[in-house]
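Engineer: Grabbed the feature section from TrEMBL, which reads as follows:
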- 22, 23, 54, 55, 197, 198: substrate binding site (BINDING)
- 85: active site, proton donor/acceptor (ACT_SITE)
- 196: active site, proton donor/acceptor (ACT_SITE)
């Protein structure tokens, strides 16, 4: 069913926004890259702050959340959807692509492509949520491009709540990072995939612990590069004065403060979505998971 019909429009004429969603504020790392690389594009962002984190939830639950949010964003007349959440990308991307007639991009494949290029000896690290690491999505994607690569994965479940709290440069966050990265620091890595879009918010801390010889791969930023290429190919790149809208599913103390500090600009008013706008979709079957 075509929920957002219509073919490509000439550049600067397709003023429809780009839809971006994440479990919380981590997807703002992708928004920051959109603002930098695609300054004429409007963005509609949804942070699911009522249900963050996604990393400790089942595939079926994450897929249901992703489809709910995607339906909400498609009703905002978006021209494409960026799933700026590695957990949702690993669990729900194919269900989203089957459900909507607009391009749907995830964050896994673009990051893997960059990490493989940056690792001539194939020594790649991956950090992410429990759900992302448990899915094996990153090692599988790496193996398709570099079968001989040596991949070390580490789940870092405490990073998302610490980042959502705004503790980006805090002794507790540093202590947790030292514990999580202990094995990786001795592994002679060439690159480390930040397999959660929250993690670039603490990239200075992670880079300081790993040292200058390790390339940090920002999965959200790499996805935006792929998005820019896609829009150019389809003749959908916009120019002019964009309008941005930010939605969240609960009232968090820190969203606006952390978002403004990270994006380096004042946000327009953030809209808290009445959750009755989302749960109607819970009654529908999740495509692609019925047989599980």
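Backbone N, Cα and C define each Cβ position, glycine as well.
Note: TrEMBL annotation is automatic and uncurated.
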Engineer: Sequence gap of 6 or more, Cβ distance under 8 Å: name the residues on the same chain that satisfy this around residue 198 (substrate binding site), in order along the sequence.
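Structural biologist: In sequence order, 22, 24, 25, 26, 29, 159, 160, 163, 164 meet the Cβ cut-off.
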Engineer: State the three-class DSSP label for residue 22 (substrate binding site), counting H, G and I as helix, E and B as strand, and everything else as coil.
Structural biologist: strand
Engineer: Taking the residues 22, 23, 54, 55, 197, 198, which the record names as binding substrate, find the longest CA to CA distance and state it in Å to the nearest whole number.
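Structural biologist: Spelled out: the longest distance between any two Cα atoms in 22, 23, 54, 55, 197, 198 is 12 Å.
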Engineer: What are the non-local neighbours of residue 196 (active site, proton donor/acceptor), defined as same-chain residues 6+ apart in sequence with CB under 8 A from its CB?
Structural biologist: 26, 55, 85, 86, 87, 127, 128, 129, 132, 156, 159, 160, 219
Engineer: Non-local Cβ contacts of residue 197 (substrate binding site) (under 8 Å, 6 or more apart, same chain)?
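Structural biologist: Non-local contacts for residue 197 (substrate binding site): 22, 26, 27, 29, 30, 84, 85, 86, 107, 219, 220.
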Engineer: In sequence order, what residues of the same chain, 6+ apart, have a Cβ less than 8 Å from the Cβ of residue 54 (substrate binding site)?
Structural biologist: 23, 48, 62, 65, 85, 87, 88, 129, 131
Engineer: An 8 Å radius from the center of the 22, 23, 54, 55, 197, 198 Cβ atoms defines the neighbourhood of the substrate site; name the other residues of that chain inside it, in order.
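Structural biologist: Counting only non-site residues, the set is 24, 26, 27, 52, 53, 85, 86, 87, 88, 129, 160, 196.
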Engineer: Cβ neighbours within 10 Å, counted over all protein chains: which one of the recorded positions 22, 23, 55, 85 has the most?
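Structural biologist: For the recorded positions 22, 23, 55, 85, the Cβ with the most other Cβ atoms within 10 Å is 85.
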Engineer: Looking only at DSSP and grouping its letters into three states, which state does residue 85 (active site, proton donor/acceptor) belong to?
Structural biologist: coil
